[in-house]
Amino acid sequence: MAEVLVLAELNPAGGGVRKTTLEALTAARALGEPSAVVLGAPGTAAGVKDTLAEYGAATVYVAESDDVDAYLVAPKAEVLAQLVSEKSPAAVVIPSSPEGKEIAARLAIKTGSGFLTDVTEIASDGTATQAAFAGATIVHSQVTVGTPIYTLRGNSVTPEAAPAAGAEQPVSVSISDAAKQVRVVERVVEQKSSRPELTEASIVVSGGRGVASAENFSVIEGLADSLGAAVGASRAAVDSGFYPHSFQVGQTGKTVSPNLYVAVGISGAIQHRAGMQTSKTIVAINKDPEAPIFELADFGVIGDLNTVVPAATEQINARK
Amino acid sequence: MNIVVLVKQVPDSGSERKLDPADNTVARASADNVINEMDEYAIEEALTIKEAQGGEVTVLTVGPDSATDAIRKALSMGADKAVHVVDDAIHGSCAVQTSAVIAAALQQMEYDLVLCGAEATDAQLSVMPALLAERLGLPQLSGARKVTIEGGTAKVERQTDGGFWALEAPLPAIISTWDTINEPRYPSFKGIMAAKKKPVETKSLADLGVDAGSVGLATATSKVLDFAGRPPKGEGVKVTDEGDGAQKFVDYLASQKIV
């Protein structure tokens, strides 16, 4: 069976494999036998290779070097290009983070290939599904040149275990000076949260202008915590200073595709719909019965969020 | 400090956007076309750097004749001049091909810094800095929420989930900016009038030394096979809260096996 290279996206500081990697391993099986590629500082692979094997990696290529971590994007693309030239895989699948897309782009140039970003499905003939114009149009696309490179949008595929050998194969790494131009001086975490990451979460609860203040976002956070959900915010809420920009869902923020999206006090401007309309189930709570968000909603409550949301939070917590 | 800002004209993300069923490319002729919103932040950043350190800001656009409107907007904000690459053969190009055209244009220009928006709102690939950096051997400092230029060094805070990465690289470099970085200025009346007289140089693929057969739909590295509108959602259930809204919401979640 043809080999498919899957770049493993890992949590920082030994935090294990990200769910997006398991999704990529699952999607890659449509095209052939997945091999995982682990790129990072020395010692990175030890804690993750069992999980990669459990989700179908026949081989785990381990390219460990301090240079991979110390410089932005370019070293990772260089190592992957080396593997593509050595192994001639049928395809390369990369989780669709900002870094993942940039690696895919550089790899495409290095290997003379085409690439498709933010795909939601990969068929066995290599055809990918993409949601264009922020989800309003569904597109089928194909790479026509070189080794097809895909970046897979988070939460598009349900990870399925498929135990494989996970045979470790070390890759010798020597990063060129050209790939060592952009030094990562420091990685700074400003908001530590116990909540799931927005683009990975299976439930997202978002607040909009209707939440009315930064303090009142505690109502949104309360409901999110009762559901084990991530918190999001509309651009209107972010621009009003109610919630930090890194939680913005929409055209100019994150695109999310959870199982359940709860839009609270969000009118549903195109800007916002662009970031969430591929969610599987959508619930809207808004006091304006004419709010366009209700057009997208599977279930809508017309009412004051300040009474409905706290009461619902209490009931959900009581059911536990 | 000479700065080139990459500017793209896109269909307005606030209006209906379509693909053209004739060749599955973005329907630009019928669209409400505007300057890519994210590029305005790059222009503002370029103008701020120029105001502090001197030099010139040049806009570089690849696009049809109508993209002149986006160029004028950038010039009216305060950019000094523009290069507009126009050639019918470019129609339908993929990102890989477009990056070859932009790279060829940049090679004919003098710059210390290339700035662009962190994404175009039509295709949302967010990869142009990576593609150009790879082609031109430039440092790629993408996704900036803060830019500092000190002597020959660029320092960037790259926005990440819940924080940032501090990046550093020598100039010349390419930097892309998010909308968290600044507040773009509105063109003044004076700026709008002045923009009409600023030089816009038009270049064809031949001027850039790019083979017309290497770009465009026929030789694109990926192609759209077909497309369709998202299937409409079934009519949802809508209830009005009469003291029982929370209960009905939780009942719905229970019916979906979420709680």
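Any Cβ shown, glycine's included, is placed from N, Cα and C.
According to its DSSP assignment, A:Arg209 (FAD binding site) is helical. Under the heading FAD binding site, TrEMBL lists A:Arg209, A:234-235, A:248-252, A:265-272, A:Asn286.
According to TrEMBL, the domain 'Electron transfer flavoprotein alpha/beta-subunit N-terminal' annotation covers A:4-188.
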Exercise. What's the most sparsely packed of the binding-site residues A:Arg209, A:His272, counting other C-beta atoms within 10 A?
Worked result: A:Arg209
For this session: Going by DSSP, give the three-state secondary structure for A:Ile266 (FAD binding site).
Result: coil
Exercise. How many other Cβ atoms are found within 10 Å of the Cβ atom of A:Gln251 (FAD binding site), counting all protein chains shown?
Worked result: 23
Seminar exercise, completed: Sparsest Cβ environment (other Cβ within 10 Å) among binding-site residues A:Gln248, A:Ile266, A:Ala269 belongs to A:Ala269
Seminar exercise, completed: Those binding-site residues in A:Arg209, A:Ile266, A:His272 passing the chain B Cβ proximity test, under 8 Å, are none
